[in-house]
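A.B. asks: Before I ask anything, let me first share the structure, which is written out below as structure tokens.
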Amino acid sequence: MTRRSDSVIVVEAGAVTASAADLQRQQRYTPLYFSIMDDCEQLLAARSEERRPNSHCGWSAHTQSLESKMVEDFRRRLKYFFMNPCEKYKARGRKPWKLMLQILKIAIITVQLVSFGLSNQMMVTFKDDNLMTFRHLFLKGYKDHRLGGYDLYTKADVYDHIYYVIDRYLNLQNLTVGNLAYEMAEGQYTPLSVCQEFYRNTSIDPGNDTFDIDPHIDKDCISIYPVRLFDNSSVPEHVNFSLDFKRLLSVSIYLTLKTINLQTVRHHELPDCYDFHIMIMFDNRAHSGKIKVDVENDVRIYECRDWNVEGTSDKNDYLLLSFDSVVIIACFTSLILCTRSVINGIQLQFEFNIFFHAYYNKIVSWSDRMEFVNGWYILIIVSDTLTIAGSALKIGIQTKYLTNYDVCSILLGTATMLVWIGVIRYLGFFRKYNILILTLRAAFPNVIRFCCCAAMIYLGYCFCGWIVLGPYHDKFRTLDKVTECLFSLINGDDMYATFLKLRDKSYMVWLFSRVYLYTFISLFIYMVLSLFIALITDTYETIKHHQQDKEPVSQLQAFIAECRDQPESGRYQTDEEPALCCLSPRCCFG
């Protein structure tokens, strides 16, 4: 006997009860759901009659037929979900819109990246060339091929170089071949500032091994305006500047210069105006008798206030902005389509989990459940998000509202990389080209676990090399340099130079360095790296074996493999999907 209500279906005599929440989830299916539910109820009534002592056995064939039909429908639905776009087109005539959109994206995103890359390259080249110009202009005796740092060792050299910088700054307009000019603020030129940092009070006598020092740091600055107030007299006569080298920590010279990047005109782009905030530092913090000299350059890019380029119009700018807008629209459409596909896959994964647990009384493994979450769609979603953000920044740069070239290049570069990596997905539609993806996916969990174990040994060597060899070897001076050096050694790069640099050190350090380097190279090249390669090779052989034998490697694949219907068979030509309740034997076959 069966009683039906609005929210719950109760099947007496051992039947299964479906909750209101289950029925709410089922309402997303087509109206065919109600007719299937009627068939289920008739089947359940027939089965209840069979359990009576005087019932007939004619129900059995109808029950098995309905059960088989529902299982095959669900199996066919799963097989259709995992088809590639070409097979889906053959099965239901569904046009591969996402595939065509991804191919279009590859073309337009690559064109956009190349266009922005040329502009970014001009900007970076212009900045680097100006930095080299400033070094030649303001550093006395600077040479491009100079090895090592730019260092000073005498007081006279320090004074001479400081006065040299001031003199070159005051005579800049008569010296430079570039379009450099002084910065103006509130109607007057921005001055050059010479600032020295020093200990407040100190008394040092190395001969008597005594010192008295106040660690508080004071700062004193003088400003020199770019106006030639003296004729042929020297700069020291007009600049009152003295240094106490016993207390001196550093001398910093700050100056600001302006210029315009005119080379963009040849590429039909509006020139940008640049502010170069230059700092020339004389570093004496070590008090080792050597003062290091370095030039640092901070750049601000902005739109020129008044410009005119003869023979040009805004048409090119509008075309570039329109093209970037098309890229954003295409990526936003792709983002919506792929997000919808991911959501559908997650929903189908829950349905398969319920079905498999109810029909076979088994728990679906985590790996099988993740098969429904298409990693390629996740990759495309990330790529689309980065492209949209990068394109928005690019529009801001072209309209001169933003100057974040580095952030924009990182976003667009990463997005383009992911787009081109996604091309492998379409090669995977062909069986022989799919071996790489299958191997990477199967080996990834074991590779991560292996790398975590190897990283512990690697970090141990890094810390040991940094603390022991750091004072004696430039490649081990900082922790990040140690990691880079050891990674280079694993790949066989610059081995002899690393050994050679420690040859003239003390015997104990030399002996330790040999034991350290020999054990590290032997352990990681001959053991760790070999095991890493063997791990991937073993996975490749396993995947190759399964492909040759055509054996399903999971419960999900084995379940779908029982469906023999080809895409061209016409069995997929339906828009209806079976209700979730009738996919469960507990609902229809209590």
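Cβ coordinates are placed from backbone N, Cα and C, and glycine is handled just like the others.
What you are looking at is a predicted structure, and each value in this text was computed from that prediction instead of being measured.
Reproduced below are the annotations present in TrEMBL:
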DOMAIN    123-305  domain 'Mucolipin extracytosolic'
DOMAIN    407-543  domain 'Polycystin cation channel PKD1/PKD2'
TRANSMEM  99-118  transmembrane segment
TRANSMEM  318-338  transmembrane segment
TRANSMEM  376-397  transmembrane segment
TRANSMEM  409-427  transmembrane segment
TRANSMEM  447-469  transmembrane segment
TRANSMEM  515-536  transmembrane segment
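Map these features onto the structure and tell me what's around them.
C.D. replies: Across the domain 'Mucolipin extracytosolic' (123-305), the prediction's mean pLDDT works out to 83.
Same-chain residues lying 6+ beyond the ends of the transmembrane segment (447-469) with a Cβ under 8 Å from its Cβ atoms: 476, 478-479, 482-483, 485-486, 502, 509, 512-513, 516, 520, 523-524, 528, 531-532, 535-536.
Long-range contacts of the transmembrane segment (515-536) within its own chain (CB-CB distance under 8 A, at least 6 residues past either end) are made by residues 439, 443, 446-447, 450, 454, 457-458, 461, 464-465, 468-469, 486, 489-490, 492, 495, 498-499.
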A.B. asks: Checking distant contacts: for the transmembrane segment (99-118), what same-chain residues at least six beyond its ends satisfy Cβ-Cβ under 8 A?
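C.D. replies: Same-chain residues near the transmembrane segment (99-118) but 6 or more away: 85, 267, 320, 323-324, 326-327, 330-331, 333-334, 337, 380, 387, 391, 394, 408-409, 412-413, 415-416, 419-420, 422-423, 426.
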A.B. asks: Please work out the helix, strand and coil residue numbers for the domain 'Polycystin cation channel PKD1/PKD2' (407-543) from the DSSP assignment.
C.D. replies: 117 helix, 0 strand, 20 coil
